[in-house]
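Asks: Handing you a structure now.
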Amino acid sequence: MNYELLTTENAPVKMWTKGVPVEADARQQLINTAKMPFIFKHIAVMPDVHLGKGSTIGSVIPTKGAIIPAAVGVDIGCGMNALRTALTAADLPENLAELRQAIETAVPHGRTTGRCKRDKGAWENPPVNVDAKWAELEAGYQWLTQKYPRFLNTNNYKHLGTLGTGNHFIEICLDESDQVWIMLHSGSRGIGNAIGTYFIDLAQKEMQETLETLPSRDLAYFMEGTEYFDDYLKAVAWAQLFASLNRDAMMENVVTALQSVMQKTVKQPQTLAMEEINCHHNYVQKELHFGEEIYVTRKGAVSARAGQYGIIPGSMGAKSFIVRGLGNEESFCSCSHGAGRVMSRTKAKKLFSVEDQIRATAHVECRKDAEVIDEIPMAYKDIDAVMAAQSDLVEVIYTLRQVVCVKG
């Protein structure tokens, strides 16, 4: 048995956390969630677990007959995309700053501060590939905004194919054989945040009379068979599609940027299914487990069915992994979505300096300023320990090291 069993007054919690730290607040948050009467069998916890807003990051929450919107959160469909290119390290330019600049030009990122009307994190004039992907989203958007007009006043179309901020990133990486990979991390951007926030608030309002009886107000839920349950599932499915297409559009534009800098073909003919991977790690969907159809919420966790490829990034100074799932049913066929934080962003900014950031990322062409100190590698768990703790969930196919990193 490779997991720790945490017993509660209701469902148990199975934690793949051997050799990695788990803060007491995260344990209590997991216990609170496990108290809910509709938890199916047990909660599974990944080794990158840490305290989260709404629910615990690195948790897999299986439910029957209900869904907790705050467990999915506001970064709906957040996930990873990775592409193995036809390039090798020898093809990369000596000046990697030029490459980083080309990517930053190709993909809007960051957020506007102050009184500037221009949103630097959005497109002014979206390119053709964004238009094509928006066409796949338009029917769902029409339903969403007709039923909930509040979503008309959101960043949607102009956020498609954009990176965002925080821990979202685009990286150029090398594997063990010096093959070049493109890897990126983003979600459903402004519209997903708006959908998540609205339905979390709505669930709490709907349960206003009984809210105080819950272990936490963040555990407010929609019951299956109600209108809001159905609407939430439909809205979340749309946001998850937005997130997937968002990553696809960014990947296409990064490939184009690399080709313009290097004057070489970047994308090789696809011969293996795993050569391009696009996976969510913040989402909910219906799945079959232990012979029953249930709703699985992965909050900072990746699907790892037998033979399924996934992406587990480290921090901006640590290695990352392309993995293949082992289909461990006890984890609801899941694995970690990264290394996991060992401290809050606020604490990291107080504890570390720009000089620390420069030293920790000396081998990476990336931002090294005060605004990204909260993403310093030391703010995250040891990725090797995280991988060791989930050796029965996934097998490593490629180990990547980054050479260029773009942050919002």
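Every residue, even glycine, has its Cβ placed from backbone N, Cα and C.
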Asks: Given that Swiss-Prot annotates Cys78, His185 as Mn(2+) 2-binding, name the residue from His281, His289, His363 that shares the site.
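Replies: Within the candidate list, Swiss-Prot flags His281.
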Asks: Suppose we draw a 10 Å sphere around the Cβ of Ser315 (GMP binding site). How many other Cβ atoms does it contain, all chains included?
Replies: 25
Asks: Taking each of Asn167, His185, His281, Gly340 in turn, which of these binding-site residues have a Cα lying within 10 angstroms of the Cα of Cys78 (Mn(2+) 1 binding site)?
Replies: His185, His281
Asks: Once near-sequence residues are set aside, which residues in the chain of His168 (Mn(2+) 1 binding site), 6 or more away, have Cβ atoms under 8 Å from its Cβ?
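Replies: Same-chain residues close to His168 (Mn(2+) 1 binding site) (Cβ under 8 Å, separated by 6 or more) are Cys78, His109, His185, Ser186, Gly187, Lys407, Gly408.
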Asks: Could you tell me which of these binding-site residues, Asn167, Asn282, has the fewest other Cβ atoms within 10 Å of its Cβ?
Replies: Asn167
Asks: Enter the number of other CB atoms within 10 angstroms of the CB of Asp75 (Mn(2+) 1 binding site).
Replies: 25
Asks: What count of other C-beta atoms do you get within 10 angstroms of the C-beta of His185 (Mn(2+) 2 binding site), across all chains shown?
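Replies: The answer is 25.
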Asks: Once Asp75, Cys78, His168 are set aside, which residues in the chain still have Cβ within 8 Å of the Cβ centroid of the Mn(2+) 1 site?
Replies: Gly79, Gly164, Gly166, Asn167, His185, Ser186, Gly187, Ser188, Ala243, Asn282
